[in-house]
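Taking it in order: structure first as structure tokens, then the write-up.
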Amino acid sequence: MLLGVNIDHVATLRQARGTRYPDPVKAALDAEEAGADGITVHLREDRRHIQERDVVLLKDVLQTRMNFEMGVTEEMMAFAEKIRPAHICLVPETRQELTTEGGLDVAGQEARIKAAVERLARTGAEVSLFIDADERQIEASRRVGAPAIELHTGRYADAETPTEVAEELQRIVEGVAFGVGHGLIVNAGHGLHYHNVEAVAAIKGINELNIGHALVAHALFVGFKAAVAEMKALIVAASR
């Protein structure tokens, strides 16, 4: 199972003071050295963390691959066509949210998403859709031509009781099986950390987990390379 390291919150810390540090590009290179299989960045409409310059620099220096998260807007579509990342993940986005709060409603806007997927695919990118583990959304993702999906694990991460955790984990298990059964590459992420990742990493059929906030938080105490290496070891062991 692959580990995609999201470096958005390295940029969050930088933007909090408007400084040039910490540098998310350095974090990305350190993550690669520590075993990351790819680097994920989300260029938001409000530019609250990652900036265009970060994406341009990362495209030039990464040894692995970039997973570029973006909202379905003309501005982002044009930027993605210019940058041409290896992977593009379409996500829902509102200015008021602290972080992405739910999956993209593909079923409710199939024509719009289909047009975006087709346009972005012409850049050579593998396009994925960030969706809830819901059969209706998974089927819609296949219909619009996306080769990959990323299942939103936030409800699992936020579950408080053992019963809720088990229910949300089962929802992910079923979503993965349904997606794989429909010929899709299935990734997952959101809210995963060192104490809840193993159960998800043990699910057969998941191609990649994308993790960011927990890594950046842990790196404050152990360093970025150590934080990434520790997470990678947990995922590899659980997915055997």
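Keep in mind that glycine also has a Cβ here, set from the backbone N, Cα and C atoms.
Database features, via Swiss-Prot:
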type	residues	note
BINDING	Asn6, Arg17, Gly191, Gly212, His213	3-amino-2-oxopropyl phosphate binding site
BINDING	Asp8, His9, Arg44, His49, Thr99	1-deoxy-D-xylulose 5-phosphate binding site
ACT_SITE	His42	active site, proton acceptor
ACT_SITE	Glu69	active site, proton acceptor
SITE	Glu150	site 'Transition state stabilizer'
ACT_SITE	His190	active site, proton donor
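Where Swiss-Prot records a feature, it is marked here on the structure.
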| residue | record | DSSP (3 states) |
| --- | --- | --- |
| Asn6 | 3-amino-2-oxopropyl phosphate binding site | strand |
| Arg17 | 3-amino-2-oxopropyl phosphate binding site | helix |
| His42 | active site, proton acceptor | strand |
| His49 | 1-deoxy-D-xylulose 5-phosphate binding site | coil |
| Glu69 | active site, proton acceptor | strand |
| Glu150 | site 'Transition state stabilizer' | strand |
| His190 | active site, proton donor | coil |
| His213 | 3-amino-2-oxopropyl phosphate binding site | helix |
For a quick check of understanding: among the recorded positions Arg17, His42, His49, His213, which residue's Cβ has the most other Cβ atoms within 10 Å?
His42
What whole-number Å value do you get for the CA-CA distance of His42 (active site, proton acceptor) and Gly212 (3-amino-2-oxopropyl phosphate binding site)?
11
How big is the 3-amino-2-oxopropyl phosphate site in terms of the longest C-alpha to C-alpha distance among Asn6, Arg17, Gly191, Gly212, His213, in angstrom?
25
Spatial neighbours of His213 (3-amino-2-oxopropyl phosphate binding site), counting only the recorded positions Arg44, His49, Glu69, Glu150 and Cα distances within 10 Å:
none
Which whole-number value in Å describes the distance between the Cα atoms of Arg44 (1-deoxy-D-xylulose 5-phosphate binding site) and Glu69 (active site, proton acceptor)?
8
Is it possible to get the count of other C-beta atoms within 10 angstroms of the C-beta of Glu69 (active site, proton acceptor)?
25
Whole-number Å distance between the CA of Gly191 (3-amino-2-oxopropyl phosphate binding site) and the CA of Glu150 (site 'Transition state stabilizer')?
13
Is it possible to get the count of other C-beta atoms within 10 angstroms of the C-beta of Gly212 (3-amino-2-oxopropyl phosphate binding site)?
24
Cα distance (Å, whole number) from Asp8 (1-deoxy-D-xylulose 5-phosphate binding site) to Arg17 (3-amino-2-oxopropyl phosphate binding site):
15
Please report the distance from the Cα of Asp8 (1-deoxy-D-xylulose 5-phosphate binding site) to the Cα of Glu150 (site 'Transition state stabilizer'), rounded to the nearest angstrom.
17
Is any of the recorded positions His9, His49, Glu69 within 10 Å of His190 (active site, proton donor) (Cα-Cα), and if so, which, in sequence order?
none
For His9 (1-deoxy-D-xylulose 5-phosphate binding site), the same-chain residues 6+ apart in sequence with C-beta under 8 angstroms from its C-beta are His49, Gly212, His213, Val216, Ala217
Cα-Cα, whole number of Å: Glu69 (active site, proton acceptor) versus Asn6 (3-amino-2-oxopropyl phosphate binding site)?
10
